[in-house]
Structure formats: structure tokens, C-alpha cells
Amino acid sequence: MKNRWMNAKWLGLITILAAFASGCGKNHLSTLRPAGEVGQEQFDLMLLSIIIMLFVVIVVSIIFTLAVVKSRRKNLGEDFEPKDVAGNHTLEVIWTAIPIILLIILAVPTVYLTFKQADTQAMENDDGEVNSEEIVVNVTANQYWWEFEYPNVDVVTSQELVVPTDKKVYFNLQASDVKHSFWVPAAGGKMDTNIDGINSFYLTFDDGKAQDSNRLFYGKCAELCGPSHALMDFKVKALPEEEYDQWLADMKNIEEPVQAFADDAAEGQEIFNNSCIGCHAVTPTGAGAQGPNLTNFGDRELIAGYLAHSEENLINWIEDPEAFKPDNKMTGAYDLTDEEIASVAAYLMELKVEEGSGDVETLRESAEESSEEESTESGEEEEEASSEPSEESASDSEEDSSESDEEGGN
Ligand code: HEC
Ligand SMILES: [Cu+2]
């Protein structure tokens, strides 16, 4: 009787745990709720392997149970001698063949999808330059923040990646200091960002799925990279293509830093230009800065990748970044009074990109023109052209992707 109670207890516990665990799946963050083609394919592979595993477990359990039940001494008698089947060819062929068949069933889609998902050829045109028709993002991982460069239009942003839905988005991944790993769980598996060499892959974001998660997916660093590794988060804003184009055009439109509006913000701008501009750009150009690009900081959802976006949090962050992200590279880089910090914060909150200010047509034309120019240039002066960073990354990635695509982070 006691035993039965114990069983019931365990069953109850497992049920409750299962209920909790099933609540963990969130649209914006879960591998189990894929938000695009790549994630879906990887999810299907997981399902396939689980089904095969379950099949094996069930078949073996059934055979085992049958053997135990049927061959009891009670049934067969004390003197029963089982038939000796050692060396039986038929049996040996059968139990060698079954695992091979199962592995083949698993291997065919796995190999096919591995190659399919590593195919980033469309990212480049015939001259090995970034293809202006495709969406390409150069990602640089830094301790403990992310930079996103759109090489086709020369726009740089950070912490919040903006992508169009229902299109392949190609990524060139790189790190500036130590190894990190770029991971948008809902969109697909992670990939390492290395210091030497560029890893490339693509992801897709389904428009319907993006709507289900308020157009915001969560991204993570998936490689232990230092004390603030767990805080190295970023967001992915997945917008319909027209809105994405408009966002790019709006960003591109900002050539001069946004002028401060309120009085304290104007003061803040001056302080910013003295103490902060060495690391933080406020125009959407200049990849490879020492700190995140702040051009559209006022529009962000979060501060430093994880704090709620409020002026109060911003002041606290500027006052003592170390308290929020141990070992971050901004700590101790300036010395400001509380008042100065408040005005700088007021200025930063005003850094918004005016919606609809950019002209999408001009953006497209200039992207096409620049790629045409580049290709004719490179035809004549190949050496010079290949020293430009965006081209370098594109041609590097081809060599690297084949060898390092499989390197997942952990
Ligand atoms: C030595 C370079 C350096 C200086 C100088 C510096 N910062 Fe930073 N800042 C950084 C780095 C690096 C980060 C990223 C920290 C992290 O998330 O790990 C950062 C992050 C930030 C963020 C969060 C950005 C985001 O995208 O959410 C803000 C806001 C910020 N800094 C404001 C300032 C202000 C204001 C000043 C001047 C008073 C300043 N910084 C001076 C390097 C610097
Ligand atoms: Cu990291």
C-alpha cells in the first residue's frame, strides 16, 4: 500500500513539473517555438531524433517485458535450458541492420540541412562583394555588447538588431576581444563569433510569428566570455520589409548628431562631446567603436542590453556601470558630478530617429549605385578594393564558413 502512495506522489510531482516546464516556452525566446524556416527545420530534426529514440526505447521495453514475463521459472519449469542463439547469423544481421537503418534515416535530413543552412553564397555577387540585393548584417560581439553593421547601406547600430521578416538575413559573425556566440533561440541555432575569421550563416523571421511576439525576439551570448556573460543580451526587432527599409532610410538620414532640444539636454550634449564621444558614436557610421553606437538610443527597449529603458535607470547606469555589468569596458572612463550625469541622461533620451525622415527610394538607389561602383572599381584595381573592410569580410567569410560553420558555442 505504501508503495502505491509513493508512486502516486512521484506521478503528481512529475505532472506539476511538466506543467511548469511547458510554461517555459515563450514565443520570443524558445527554441521549441521556432520563428522562422531555419528554426523550424532544426526543430523538426530534433523531433525526428526524439521519435527515433522513443521508438527504440519502446520496442526494447516491449521485448524486455515479454522476455521477463514469458520466461519465468514458474512457466518454464526448473530444468528448462534456453536455446543457444550465440553466433546465429540471421539474428546478428537483423540487430546490426536496424541501427544502421535508423542512423541513415537520421543522417540524410541532418546532412542535407547542415549544408543547406550553411549556404551563404547568395550573400556575395560574382566579384566576391556584398550582394546589394540581399540583407547582410556584420555582427561584432564585444565584452558585453553587440554591434550590427549593415554594409550595403553603411549603417551601424548596436544592442538592437533590426531585420525584415520573411526574407533570408545573412550574418557575418566576428568578435573583437574574446570568443562569444551569437544566438537568437527562436530563430535558429547559435554560432560562434571568433576573433580570427568570420563565421557566416542565415536566419529567417516569419512575419506571423514576429507578430505573435510583438515583433521582438531575444538574443543571447552563448559562450562564457567573462563576468557579465549572462548579461550580454540583445534584441531583434523583426519588421515587415517596408518598415525595415524605412528604418534604414531614417537611420541613413542622420548625418549630424541629433541636436539637443531641452536646456539640460543641450548642456548634456556638451558634456557628452567631452567625456563620452571617444567611445560612443551618435551618427550611424563608424563600425568598430569602443562602445555601443547610441544614434537611436532614445528608441531602444533596454539599456545596456538588459535594464528597463527609463531615465532613472540610465542615470544609475552612467553613475556606476560596474554595479550592473561587472568588468564592463566603460567603468572608470570619466568623472562627472550627479548634475552632469542627469543632463547627459536627458540628452541621450532625446536621441531618437525621426520616423519617416529618410527616403527609401534614395536609399535603394544609393545602395545599388555604390555596389555598381565598387564592382567596376574592383575590376580595375582589385588590390585596393579588397582592402576595404566590408569587402574583406565578405570574401573572408567564404573561406571560413566551410570550416567553421559547424562550431556551435556552448
Ligand atoms: C572607454 C570607453 C567608454 C566611455 C568613455 C564611455 N562609455 Fe559608455 N559604454 C562603453 C561600453 C564598452 C559600453 C557597453 C557596456 C556593456 O554593455 O558591456 C557602454 C555602454 C553605454 C550605454 C548603454 C548603451 C546601450 O546601447 O544600451 C550608455 C547609455 C553609455 N554607455 C553612456 C555613456 C556616457 C553618457 C558616457 C560619458 C559620460 C560614456 N558612456 C562613456 C564604453 C564607454
Ligand atoms: Cu559574450
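Glycine is treated like the rest: Cβ placed from N, Cα and C.
Cβ atoms under 8 Å from those of the compositional bias 'Basic and acidic residues' (356-367) belong to residues 132, 152-153, 242, 245-246, 248-253 of the same chain, restricted to positions at least 6 beyond its ends. TrEMBL lists 356-367 with the feature compositional bias 'Basic and acidic residues'.
Among the features that TrEMBL reports, compositional bias 'Acidic residues' is placed at 368-410.
Feature annotation from TrEMBL assigns domain 'Cytochrome oxidase subunit II transmembrane region profile' to 23-121. With DSSP states grouped into helix (H, G, I), strand (E, B) and coil, the domain 'Cytochrome oxidase subunit II transmembrane region profile' (23-121) comes out at 69 helix, 0 strand, 30 coil.
Residues or ranges marked as domain 'Cytochrome oxidase subunit II copper A binding' by TrEMBL: 132-250. Mean pLDDT across the domain 'Cytochrome oxidase subunit II copper A binding' (132-250) comes to 93 in this model.
Per TrEMBL, the feature domain 'Cytochrome c' maps to 263-352.
Feature annotation from TrEMBL assigns region 'Disordered' to 356-410.
Marked as transmembrane segment by TrEMBL: 45-69 (among others).
Residues annotated as transmembrane segment in TrEMBL: 90-115 (among others). Proximity of distant same-chain residues to the transmembrane segment (90-115), defined by a Cβ-Cβ separation under 8 Å and at least 6 residues beyond the stretch ends, is recorded for 41-42, 44-45, 48-49, 52, 55-56, 405-406.
Sequence-remote contacts of a segment are chain residues at least 6 beyond its ends whose Cβ falls under 8 Å from one of its Cβ atoms, and for the transmembrane segment (45-69) they are 102, 105-106, 109-110, 113.
Using DSSP to sort the residues of the compositional bias 'Basic and acidic residues' (356-367) gives these counts of helix, strand and coil: 8 helix, 0 strand, 4 coil. Secondary structure of the domain 'Cytochrome c' (263-352) per DSSP, as helix, strand and coil residue counts: 41 helix, 4 strand, 45 coil.
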